[in-house]
Amino acid sequence: MTAFPAAPDLAPPSRAAQGERVLCAMSGGVDSSVTASLLKEQGYQVIGAMMRFWPDDKRTDTFDSCCSPDAAYEARRVAEQVGVPFYLLDYREPFQRHIVGPFLEEYARGRTPNPCVNCNTKVKFDELVKKAKMLGCRYVATGHYVKRVDNAQGEVEFHRGDDPRKDQTYFLWGTPRDALPYILFPVGELEKPQVREIAAERGLLTAQKPESQNICFVPGKVQDFVAEHLPQAQGYIREIATGEVVGEHLGTQFYTLGQKKGLGLYQSHRVRHVVHLDPDSNTVWVGDYDDCLWTGLKATDANYLLDLAELPTELEVQVRYRTAPVKAHVLHADAEGFELEFAEPQFAVAPGQSAVLYAGSRLLGGGLIADHARELPALT
């Protein structure tokens with residue numbers, strides 16, 4: 001991980017010296033376009049950059065709009081509109097190594113990955129920060145809907161963006177703590193309609209560009225992408241209460257906890273949910289809604305954006321994007337991981353997803369949800 005110099009005298013962005021150099025991550029979307037424009041207007045020396053992820057042997061339509069060659073063309077045109085230099089940076093190898101490979105490996109293990117978290121942690125705020133230092137930049141800026149707060153102690157905190165529908169702090173829990181002072185989020189205090197209005201006022205060509213909805217390297221359904229890269233393996237679907245075989249499947253990688261549609265059971269007059277995936281025995285276990293309720297979780301690969309000793313024992317945790325955080329009690333926390341007890345049982349807490357910690361609007365850190373240990377009927 002990149003080592004950052006100490007910066008006790010770092011001024012908040014609102015008081016930053018004129019002409020500070022900033023590397024602005026551009027995606028060809030409206031958020032990063034406005035980010036570059038606002039920074040330029042605030043007196044920063046802006047360098048626009050887009051990270052190339054798509055390989056040469058892929059069709060241009062195999063990557064979503066935020067990562068495609070067309071997006072690179074639009075990002076370059078916006079940089080010209082704003083009046084800043086633009087670089088297309090080759091990150092194909094790190095992207096395959098850190099993002100696509102682990103994404104498929106997690107599905108093969110019966111887990112549900114979130115590649116956007118890995119991308120921010122291991123590519124954008126690691127590889128891109130290294131490039132920023134090489135270019136003599138003091139800051140990296142992105143179009144994330146996240147608020148940077150410089151507190152009274154001179155420390156930088158990340159808080160939820162002012163637009164609750166667009167808040168993206170969930171994806172940034174893995175940001176190295178020593179990188180926080182060097183990251184700017186110019187649109188974090190804006191709502192999406194305001195961002196589009198700013199883009200329109202400045203004549204930016206991305207002002208009305210539709211938002212990206214998919215995982216950038218998955219052009220369609222995740223199941224289709226997984227099927228293309230992981231071999232099928234026929235196995236049984238079993239009832240968690242009895243061990244009875246109630247159906248067949250073509251691989252545990254095609255299922256996720258809580259799933260109730262597309263199970264293909266032999267016959268069932270009750271709604272069944274996926275409650276456990278066991279790739280070792282190639283078994284998909286199903287049961288009632290209550291079988292998917294969890295009273296707590298354990299997380300690994302933890303990262304904290306404050307001193308561990310300052311982590312409150314009562315906090316909030318968010319276990320998937322676009323769901324409300326829930327109150328939780330910290331049973332244990334160390335540098336490697338943590339264990340939480342929910343105030344109320346939670347449905348389908350999926351291993352591989354992120355457990356993200358908050359105190360009010362402040363992002364405290366997070367970890368990867370660990371596999372659940374549970375007793376299973378003997379296989380016959």
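Glycine residues also receive a Cβ, built from the backbone N, Cα and C atoms like all the rest.
Feature annotation from Swiss-Prot assigns active site, nucleophile to C119. Per Swiss-Prot, active site, cysteine persulfide intermediate is recorded for C216. The feature ATP binding site is assigned by Swiss-Prot to A25, M26, S27, G28, G29, V30, D31, S32, M51, G143. Residues annotated as disulfide bond in Swiss-Prot: C119-C216. The site 'Interaction with tRNA' annotation in Swiss-Prot covers H144, Q353.
Note: the Cα of S27 (ATP binding site) and the Cα of the residue listed as 'active site, cysteine persulfide intermediate' are spaced 11 Å from each other. A straight line from the CA of A25 (ATP binding site) to the CA of H144 (site 'Interaction with tRNA') spans 10 Å. Local packing around the active-site residues C119, C216 was summarised as the count of other Cβ atoms within 10 Å of each Cβ; on this measure the leading residue is C119.
The two recorded residues D31 (ATP binding site) and H144 (site 'Interaction with tRNA') have their Cα atoms spaced 7 Å from each other. For M51 (ATP binding site), the same-chain residues that are 6 or more apart in sequence and have a Cβ closer than 8 Å to its Cβ are A25, L89, Y91, F95, V123, K124, E127, L128. With a cut-off of 8 Å between CB atoms and residues at least 6 apart in sequence, the same chain places T112, P113, N114, V319, R320, L368, I369 near Q353 (site 'Interaction with tRNA'), listed in sequence order. A sphere of 10 angstroms centred on the C-beta of S27 (ATP binding site) encloses 25 other C-beta atoms.
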